[in-house]
Amino acid sequence: MIDFQGEHGRWSIFSLGKREVRRVSSNWGAFNPKPLLHLDVPSFPPYSMAPVNVKKICCIGAGYVGGPTCAVIALKCPHIQVTIVDLNQARIDAWNSPDYALPIYEPGLVDVVRVARGRNLFFSTSIDVAVQEADLIFVSVNTPTKKSGVGAGFAADLNYVESATRHIAAVATSSKIVVEKSTVPMRTAESMRTILEANSKPGLRFDILSNPEFLAEGTAIDDLFAPDRVLIGSLQTPEGKSACQSLTNVYANWVPVDRILTVGVWSSELSKLAANAMLAQRISSINALSAICEATGANIEEVAHAVGRDTRVGPKFLRASVGFGGSCFQKDILNLVYLSESLHLPEVAAYWRQVVTLNEYQKRRFSKRVVDTLFNTITNKNIAVLGFAFKADTGDTRESPAITLIRDFLSERAHVTVYDPQVEVSQIWFDLSEALPDVPLEQIKKQVTIANTALSAAQNSEAVVVATEWKEFRDIDWRAVYDTMKKPAFVFDGRMILDRDALREIGFEVMTIGRGDQL
Ligand SMILES: NC(=O)c1ccc[n+]([C@@H]2O[C@H](COP(=O)([O-])OP(=O)(O)OC[C@H]3O[C@@H](n4cnc5c(N)ncnc54)[C@H](O)[C@@H]3O)[C@@H](O)[C@H]2O)c1
Ligand SMILES: O=c1ccn([C@@H]2O[C@H](COP(=O)(O)OP(=O)(O)O[C@H]3O[C@H](CO)[C@@H](O)[C@H](O)[C@H]3O)[C@@H](O)[C@H]2O)c(=O)[nH]1
């Protein structure tokens, strides 16, 4: 072992089969000791530097990412056998259903599965076999925010990643490239490698790559067909670079090589958190401005358009809304906050935390506007909520702003009728029970009705609230809606999708996010 004092602390070089540099004490405090870089020395067991010609892929996790991502790999790479495995039998059964009643709704996904399933795409709960046969394994399991213990409310729960990694170690009979597809905290690749090396059969080697996924739900298939970029992070060793080349070769079947970015593994892990944090930050920025617009008479759409025309800013992701939802933004920002705090960077942590705080404020501000407008009380009033998914073109409800709004309306003792074209009824009851843990489901069911159409949801209501930007809400027969409602009939457009002037002509009182009431 060699010791030396560097700019950020004392460093030691160990020999651990591979040569690694570890910081054993540092000016950064808690974030040690972790291997920081690997030096170019031969490792055990001996390894061919030629990239592996990937013939069989296993994907652990058949969810919103594993399913579409690996289905598209199978479609685009007919010479590769792809098996997507999951512990959840019902989910796998749905992927295999003869009538293609897939477990997730995603435009274009059925067409991909129709072509590839049974050809070179398989869904299975036989995890051991799929792992054993694969040259390359994607770990695409969930990484939710921890609910209890150290870091509760901020840190990612790595239990599922660790279980999947231990499973690979326990059953693998040949060397593997293991790819972190899940969004994970920095340095998870190192933990995975340690677990794999400590628990696998002798003589096997595991190269860990980071390959975060950037697809957005609702446009997943388009995003996968033509990604802005594919990011692959690897150790900068010959073995790491060779593994990186193997995965690059898979994507190169349909992604132009100049869109495949290869970087260090830690940069890759951080880039995923950074991308989501910066996207969410834009939404919180525009939502903060929407509050100013509502108070002053400026129009947030005009402001966003004017600002977005500056090519340095760009027009995308500047749509004011009732708040962002989805399983990723909040979780990944909180993860970044936790990382910053662990690194003793409180100002950095506070900066990113504010993006989430503003989002909470935006949802609260919207439900308060509903109550204030309906003459300061909604007790016993009927509110129709159109949309329950966190965005259009998905049935996913994770962190959906609609849940927060409905919870607020119920706490004001309103009656709520919900309609969403894709979300399962059972999911709505599940989410509301979770949002109101102290209220028995029977009680919730007395206050909430689930409707089959937007028109029937609106019937006899005082107000219609648009919570999700489903296109069909634009095309409703709003005159028919008006006729069924109590008067004055209010519409609260939380997604800026409705034609205010046309609705006002019908007789509605219309409130739009980012617009003053009278303007
Ligand atoms: N949803 C998105 O749009 C999106 C986009 C990019 C990245 N991500 C990231 O991808 C990861 C997966 O997200 P998701 O939305 O697909 O989650 P998901 O909950 O839809 O799917 C995860 C699946 O993994 C399975 N699983 C968990 N542990 C397992 C194990 N040990 N063995 C086999 N199966 C196991 C679960 O049963 C579940 O079906 C997360 O880290 C997420 O942050 C998600
Ligand atoms: O201008 C905008 C854009 C989006 N949203 C809302 O933001 C949330 C997230 O939308 P979006 O990013 O389109 O969907 P996700 O599926 O959550 O995708 C994000 O999270 C994924 C998971 O990490 C990443 O892979 C994607 O790149 C990233 O866009 C939704 O509630 C949207 O309604 C707005 O309010 N205004």
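Positions of Cβ are set from backbone N, Cα and C atoms, glycine also.
Just so you know, TrEMBL annotations never went through curation; they're auto-generated.
These features come from TrEMBL:
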BINDING   61-66, Asp86, Arg91, 141-145, 182-183, Glu217, 328-331, Arg398  NAD(+) binding site
ACT_SITE  Cys328  active site, nucleophile
DOMAIN    384-500  domain 'UDP-glucose/GDP-mannose dehydrogenase C-terminal'
Between Asn142 (NAD(+) binding site) and Cys328 (active site, nucleophile), how far is it from one CA atom to the other, in Å?
10
List the binding-site residues Tyr64, Thr145, Gln330 whose Cβ sits under 6 Å from any atom of ligand 1, in sequence order.
Tyr64
Model confidence over the domain 'UDP-glucose/GDP-mannose dehydrogenase C-terminal' (384-500) (mean pLDDT, whole number):
98
Cβ neighbour count (within 10 Å, all chains shown) around Cys328 (active site, nucleophile):
25
Report, as a single number, how many Cβ atoms besides its own are within 10 Å of the Cβ of Glu217 (NAD(+) binding site).
24
Enumerate same-chain residues with a sequence separation of six or more from Asp86 (NAD(+) binding site) and a Cβ-Cβ distance below 8 A; give 'none' if the list is empty.
Ile60, Gly61, Ala62, Gly63, Gly66, Ile92, Phe123, Thr125
Listed recorded positions are Tyr64, Asp86, Thr145, Glu217, Cys328; which sit with C-beta under 6 angstroms of ligand 2?
Glu217, Cys328
To the nearest Å, how far is the Cα of Glu217 (NAD(+) binding site) from the Cα of the residue listed as 'active site, nucleophile'?
10
